[in-house]
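Residues or ranges marked as active site by TrEMBL: D156, D454. Marked as UDP-alpha-D-glucose binding site by TrEMBL: K126, E127, D156. Residues annotated as Mn(2+) binding site in TrEMBL: K288, D312. The transmembrane segment annotation in TrEMBL covers 32-53, 65-85, 526-545, 565-585, 605-627, 655-675, 687-705, 717-739.
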Amino acid sequence: MMEEHTARAAAAAAVSLPLHSESPHISRRATAFNRVFAAFYAAAILTLFYYHLASLLYPASFTSFFVSVLLFISDVVLALFWAVTQTNRMIPLRRREFPGNLEQLLKKDSDFPALDVFICTADPYKEPPMNVVNTALSVMAYEYPTQKLSVYVSDDGGSALTLFAFIEAARFAGEWLPFCRRNGVVERNPDAFFASNKDSNSEKEKIKIMYEKMKMRVENALEKGKVEDEFIDGEEERMGLDKWTKSFTPRNHPPIIQVLSESSKNKDMPNLIYVSREKNAASHHHFKAGALNALLRVSAVMTNAPIILTLDCDTYSNDPQTPSRVLCYFLDPRVATNLSYIQFPQRFHGLSKNDIYASEYKRLYLFNPVGMDGLLGPAYLGTGCFFARRSFFGGPSSFEAPELSNLHPNHVVETPIKSREVLDLACVVAGCEYETHTKWGSKLGFRYGSLVEDYFTGYLLQSEGWRSIFCNPDRVAFYGDAPMNLLDAVNQVKRWVIGLLEVTFSKYSPVTFGVRSIGLLMSLSYCHNLLWSFLFFPVSVYAFLPQLALINGVSIFPKVSNPWFVLYAFLCLGAYGQDLVEFLLDGNALKKWWNDQRIWSIRSLSSYLFASMEFSLKSLGVSGFGFNVTSKVVDQEQSKRYEQELFEFGASSPMFVPMATAATVNLVGFGGGVIGIWRSRGVWEELFGQMVVAGFVVANCWPLYEAMAFRKDGGKLPPKITFLSFFLALLLCSFAAFLF
């Protein structure tokens, strides 16, 4: 099968029209300006270090020495973070695809390479089955030969409710897919289509009624917590659902593989396969990476497509032509030889007007991938990514053979997917003990060893000699769901940071292993994310230290008339200015940038801080951590507050305490500074820098003050968090009075 794919790529060399092009993302003049600015900024950083070292060598007192140490360490971390960010600004690339030129190569359906789609879900109550169904239907409706397309749904929660939802989806797909093709529908997620298309006709109304009936049946079953006999229509469905016996639990059950549609039996339908890998309490299941590896093996036995698309359960297709864009690269022999994956940006629907939680992650999902594409290619972002199956079996020139010939990427599947032989072998490779004493997770498949299996897998694939490509077409290829409350947002990032720390302190750290395997610039680019966890220190220092000194009328920054003040001003305004310009050039509003930098501070005092604490405790054997699924369920009141751009606290969490304490200290510090300057007008020059910092934090913390004192709705900050933050602020102020 891979030989056919390679042969097509070789044939592409003879085509007269290009399949894609690349050009600098920004003009040469802008690139030159960035590099000149970076040189001046780097010189300013070194000058700042000189200033700190001089302060350390000749301290006026123990307190000034202590303050200088904290500021020096903080500035070193911030300088490193700025430096690694520059690697993604050096060679940014813009790519363009020409899918219309594929007609030269793909003259009939049999010329297309097969495509397997992996969709992962884990909990029907946090990830509603109808969301997963809409994702699956959107890719089942791709403009792609149905006999070449297979969709695999991994249900790691082992829920009969999810299987039932897909039994219903397979029935509805028989009407939905032909409807989309007949009418040239572009939005092929039914929920998104009916929400955005208000025009009515008899055919559309008929389809909509069918969809609403399916949705009602699925949601009724979910509400009752089980699939009752009234929901089961046929004997085949009953046999599948009868596998959920009394001893069946999400963490202890046999493998279940159910073929819900078969392209060889219905030319309008691709293959749709439900997979729930075996679970038991005695085996480590490796979270999402383990689920993806199970799908990799099961799909190898059943269809073994040379191209694989991985999707989160909430990431639906927004463009049915996306596979054609991917083929523009996979069928080009100039890039296909060592091309592992093609990553699309993560985009989100339903965001508030100014994205109050900065859920778009512009730097992570757009700016960094564009910059990395000029090196070895973007990191794997976990969803919206097309892989060459071959890349999961060793490097381009160092093949790692699997333990079974049926799992070989070149294995040709000739047996029907519903045959007993195929299904039995699929159940074997989906077993929880199958990977024991094999190379899965280390040399084969998605890699184990980190909660961020996407980052780790992409990084190790590039270390083996593969490269990747960032594809960012004008029409968004995929849309996903973003957290709609602050706790889910910071918990999600905390999980990522724990995973990044696992990579940082492993033998595969980009700081050591990465420099040797992918080069200095690429390893520095990967270090951008690794440094997240260390940002809690400088942000904590600048959120508390200048303000506590201000309360006591003590200056810790150079006064305005001192030339060193100009250096501080340049470094601060330069960093924020560069970030702002990047946001504005991407077409974002100023308020969206403001929200992004505010959430950066909030994450530092919550996600980054608590991730570092949890990882440290785990390393000492004090506690463990697991994979928590981010909830995709939102109630109406919460949704209304989100649209109004009100911060949603609601639930009580210790992660809210540091940010609430910082808000309190800064408000007191700013007020104290104003009073001090009013009483003694001559000190304003000495305290001006601290007043600016405190004022900036106070402006950033307005949503917190609002939630602490003014709001009465369910999203306000819980009173016990407010009380605890006041108490801690009082303790810090008392300590500062002693220190200063």
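Note that Cβ sites are derived from N, Cα and C of the backbone, with glycine treated the same way.
Highlighted: of the candidate stretches 32-53, 526-545, 565-585, 655-675, 687-705, 526-545 has the greatest count of Cβ pairs under 8 Å to the transmembrane segment (65-85). A simple Cβ count within 10 Å picks out one of the binding-site residues K126, K288 as the most packed, and that one is K288.
Spacing of K126 (UDP-alpha-D-glucose binding site) relative to D454 (active site) is 21 Å (Cα to Cα, whole number).
Looking at which of 32-53, 526-545, 565-585, 655-675, 687-705 has the most CB pairs under 8 Å to the transmembrane segment (717-739), the answer is the stretch 655-675. Binding residues for UDP-alpha-D-glucose (K126, E127, D156) extend across at most 13 Å, taking the greatest CA-CA distance. Under the criterion of 3 or more C-beta pairs below 8 Å, with sequence separation of 6 or more, the transmembrane segment (655-675) and the transmembrane segment (32-53) do not qualify as touching, having fewer than 3 such pairs. Using CA atoms as reference points, the recorded positions E127, K288, D312, D454 were checked against D156 (active site), and the closest is K288. For K288 (Mn(2+) binding site) paired with D454 (active site), the C-alpha to C-alpha distance reads 9 Å.
A Cα-Cα distance of 12 Å separates D312 (Mn(2+) binding site) from D454 (active site). The two recorded residues, D454 (active site) and E127 (UDP-alpha-D-glucose binding site), show a Cα separation of 20 Å. Listed as Cβ neighbours of the transmembrane segment (687-705) (distance under 8 Å, sequence separation of 6 or more from its ends, same chain) are residues 356, 542-543, 546-547, 549-550, 553, 555-560, 565, 568, 597-598, 601, 646-647, 659-660, 662-663, 666-667, 669-670, 673-674, 676-677, 717.
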